[in-house]
């Protein structure tokens, strides 16, 4: 019975996670369409301090879509392992890229299409090999998990590293090193996911009629989540303001997902009962998603399609042949002119030595 219930919860969490990616990915398109409509009307743009988008229904549709996606993502953590839900967040980038090529006339080049395909394949592999976490159904069980020595050590290290980065490293290197602010967001994000997981359990108990609001852990988790999310938003916005979005997004995804996977493994012991092939499959799927996201972002400004591939190959062949011919010709010319060159070089070296120059040496 419990195994059947576990599969049922897993499927619900999977559907919620994928729905979250669709809603969040679509929200960017709706907001962008609304802002473009305002620009065509001549209204003051948001980047210039205008707020005319508040009167645009497409922008509000995008905002509601993003809210629905975040709610679905929040609920997914209550049913499925964080090891599954967090990596699937990459699908929102994929949805946004595909929809923008259809509705915003933004071309998706060959690298982007390959990146989308790799992201889908990696997500599929991760779903197949996703671990089963230890069942935690009450706040008392969650309290016991949070008091585990392994998680206490992990959380303490996260807080110490974050404070060092915020107070010491950030003011000195935050403006020049992209990893500083992104690392702060990522490691604190691991704790925020744990808080979301605990609050999901509290909400499930609340619907079951249990006195959740009297449990101190509920308020501790809510306060901790507020602090963690506020810190994440603050430093992620700083990173986006200083550095290129196409660089920030994949780096943040990799470090954040790695932090969540580590935290989830320590807190919920998801990896203890996994077979070797499932572990390899999970990591392979995660790495495949990383490569897909990298291709999608790193080469998005490169105008390269499948139709250009034969032409570029022909150019490479001609360039290679031309290089071989020019090398052969220059080799023959060098043989014929080597005595003259030798005399010239000896003359130059003598004059250089007379003038005290080091170039002859």
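Along the chain as shown, the residues are counted starting at 1.
Backbone N, Cα and C atoms are what each Cβ position is placed from, and that goes for glycine too.
TrEMBL: automatically predicted annotations, no manual curation.
Annotated features, as they stand in TrEMBL:
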- 344-361: compositional bias 'Polar residues' (COMPBIAS)
- 333-361: region 'Disordered' (REGION)
- 12-30: transmembrane segment (TRANSMEM)
- 57-79: transmembrane segment (TRANSMEM)
- 85-104: transmembrane segment (TRANSMEM)
- 111-130: transmembrane segment (TRANSMEM)
- 150-171: transmembrane segment (TRANSMEM)
- 178-203: transmembrane segment (TRANSMEM)
- 215-235: transmembrane segment (TRANSMEM)
- 247-267: transmembrane segment (TRANSMEM)
- 279-299: transmembrane segment (TRANSMEM)
Cβ under 8 Å to the transmembrane segment (85-104), counting only same-chain residues 6 or more beyond its ends: which ones?
13-14, 17-18, 20-22, 24-26, 28-29, 32-33, 36, 69, 73, 76-77, 112, 115-116, 119-120, 122-123, 126-127, 193, 249, 253, 256-257, 260-261, 264, 285-286, 289, 292-293, 296-297
Would you confirm whether the transmembrane segment (279-299) and the transmembrane segment (111-130) meet the contact rule of 3 or more C-beta pairs below 8 angstroms, pairs 6 or more apart in sequence?
yes
Is it true that the transmembrane segment (247-267) and the transmembrane segment (178-203) have 3 or more CB pairs under 8 Å, sequence gap of 6 or more?
yes
Flag the pair the transmembrane segment (178-203) / the transmembrane segment (111-130) as in contact if three or more Cβ pairs fall under 8 Å (sequence separation 6 or more).
no
Is the transmembrane segment (111-130) close to the transmembrane segment (57-79), in the sense of at least 3 CB pairs under 8 angstroms with a sequence gap of 6 or more?
no
